[in-house]
């Protein structure tokens, strides 16, 4: 078992996640079994209760983990399924250690950061790496952050625990480009490596993020001052698409270098399919715009997996998918139709997607967007809350009901959306929703079954509310097709409309299972329908 630790320096949001994911892809392309771990130094147990404005998307795993969005990149790049345990947080570590202390597991010893916290960190990493050839562990944050210190100490000890031949340290750092001087500056990276060495970690490989190519002179300088071999100074310049990064890093020799340093048999990586995907992304034949009607559009990372799923579907259809970010609150006015008409007339809206979310802010704008898509025959995909908004819209404007969700109005006359029965008595917020993968049975000859190519589907979920079963019949009687149900026949999983270009919604989050090489069928269908005139 081999372990690769990826740290970051100078600034955050540098691309450690994409670098780690890209390396995972290169190693998997060499036939190695790869696992991925993200360490987040915040005190939450998981990402489930964090604001999308602060942390971006909550990525849900099959086993119901509410995790950091980087796990989504790992799954997409490496094409693997991860679990809740693949996201380690400070909160999880301290919770576990303190629980053991209360049970008396430490036999009266003084519980300290070293060795108890660091041992807990190491044990989790080792347990997760048991079934893999290589485990890549990304350390969140930046070297120098006080929150990261216990994790950095733990990974420092790792080399001694498992043998230096089984451990590799990769440091991702920024080379700022001073445009007025036309120069890349190495000093911030030198200081970052110095700080890392002060903790006791000597990087084996330096991955340098930059806007422009790195000269041989700069590589020589970094090799000298950071005490790494010149061939271990890897250029990682800005790419045209994140999916081009593995190809750029392979060209720089990162995959070969890693296998050599870990004494693994190197082989020519099979990146044929990956190159074809990147080529289709970079050289599209068509171009469309999908409007995402959201509540958290100020931070685009809130919809990371949706953006990527649209990109995957676009590549499959040789189409560039532009995104028009539409603030749902702006569609709550009476002139919402005028706003959307102008976008359609200007060729800036070919399809509409209403994503998930929580709370009543901007809900009527989402409902109006659904109504516009339904009445104007605009391709539409609703996800989670988006499906609930589609049901509310249909109940109001087709069934003639004064309908709403009890999430937004507890006294609504017609609660077409209501709590899942099991959720009624739940009081705690964290980790208590209907989470993870659940199966659905699709109606034969429905749009859903046609898209999936089967009457069985499994998707990941994150919700407390459902389409109220008491209203299923009146909705169906008025033309709404409930085309997917939970196996027990109680919970509506998919809805759709007949005689519409493309109108489908799901209670699930299909975006989490889309891959560059396997676009999700619901997104593929949306893009395909939006291309057609």
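Glycine too: its Cβ is placed from the backbone N, Cα and C atoms.
Positions annotated as UTP binding site by Swiss-Prot, on the basis of sequence analysis: 12, 185, 186, 187, 188, 189, 190, 221. Secondary structure at residue 12 (UTP binding site), as computed by DSSP, is coil.
Among the features that Swiss-Prot reports, CTP binding site is placed at 12, 145, 146, 147, 185, 186, 187, 188, 189, 190, 221. Within the same chain, residues at least 6 positions away in sequence whose Cβ sits under 8 Å from that of residue 190 (UTP binding site) are 222, 225, 226.
Sequence annotations record features per position, and here Swiss-Prot assigns ATP binding site to 13, 14, 15, 16, 17, 18, 70, 237, 238, 239. The Cβ of residue 70 (ATP binding site) lies under 8 Å from the Cβ of 17, 20, 21, 38, 59, 138, 140, each of these being in the same chain and 6 or more residues away along the sequence.
The Mg(2+) binding site annotation in Swiss-Prot covers 70, 138, and the record cites sequence analysis as its basis.
If you look up Swiss-Prot, you'll see 289-533 marked as domain 'Glutamine amidotransferase type-1'.
Residues or ranges marked as L-glutamine binding site by Swiss-Prot on the basis of sequence analysis: 357, 385, 386, 387, 388, 407, 464. Under the DSSP three-state reduction, residue 387 (L-glutamine binding site) is assigned to helix. In the structure as shown, the Cβ atom of residue 387 (L-glutamine binding site) sits within 10 Å of 27 other Cβ atoms.
In sequence order, 355, 356, 357, 461, 462, 463, 506, 507, 508, 509 constitute the residues six or more apart from residue 384 (active site, nucleophile) in its chain with CB-CB distances below 8 Å. If you look up Swiss-Prot, you'll see 384 marked as active site, nucleophile.
Cβ-based neighbour count (10 Å, all protein chains) for residue 509 (active site) stands at 23. Feature annotation from Swiss-Prot assigns active site to 509 (among others); the stated evidence is sequence analysis.
Feature annotation from Swiss-Prot assigns active site to 511 (among others). Taking a C-beta cut-off of under 8 Å and a sequence gap of six or more, residue 511 (active site) has these contacts in its own chain: 305, 306, 308, 309, 383, 520, 523.
Here residue 189 (UTP binding site) comes close to 9, 10, 173, 174, 175, 206, 208, 222, 226: these same-chain residues lie at least six apart in sequence, with C-beta atoms under 8 angstroms from its C-beta. Note: residue 386 (L-glutamine binding site) has non-local neighbours 353, 354, 355, 356, 366, 370, 505, i.e. same-chain residues 6+ apart with C-beta under 8 A of its own C-beta. Neighbour density around each Cβ, counted as other Cβ atoms within 10 Å, peaks among the binding-site residues 146, 385 at 385.
Checked against residue 185 (UTP binding site) by C-alpha proximity, the binding-site residues 13, 146, 238, 388, 464 yield 238 as the nearest. Residue 357 (L-glutamine binding site) has a Cβ environment of 22 other Cβ atoms inside 10 Å.
Each of the binding-site residues 15, 17, 188 was scored by the number of other CB atoms within 10 Å of its CB, and the largest score is that of 17. Per Cα geometry, 238 is the residue among the binding-site residues 238, 387, 407, 464 nearest to residue 12 (UTP binding site). Shown are the binding-site residues 13, 186, 388; the one with the most C-beta atoms within 10 angstroms of its own C-beta is 388.
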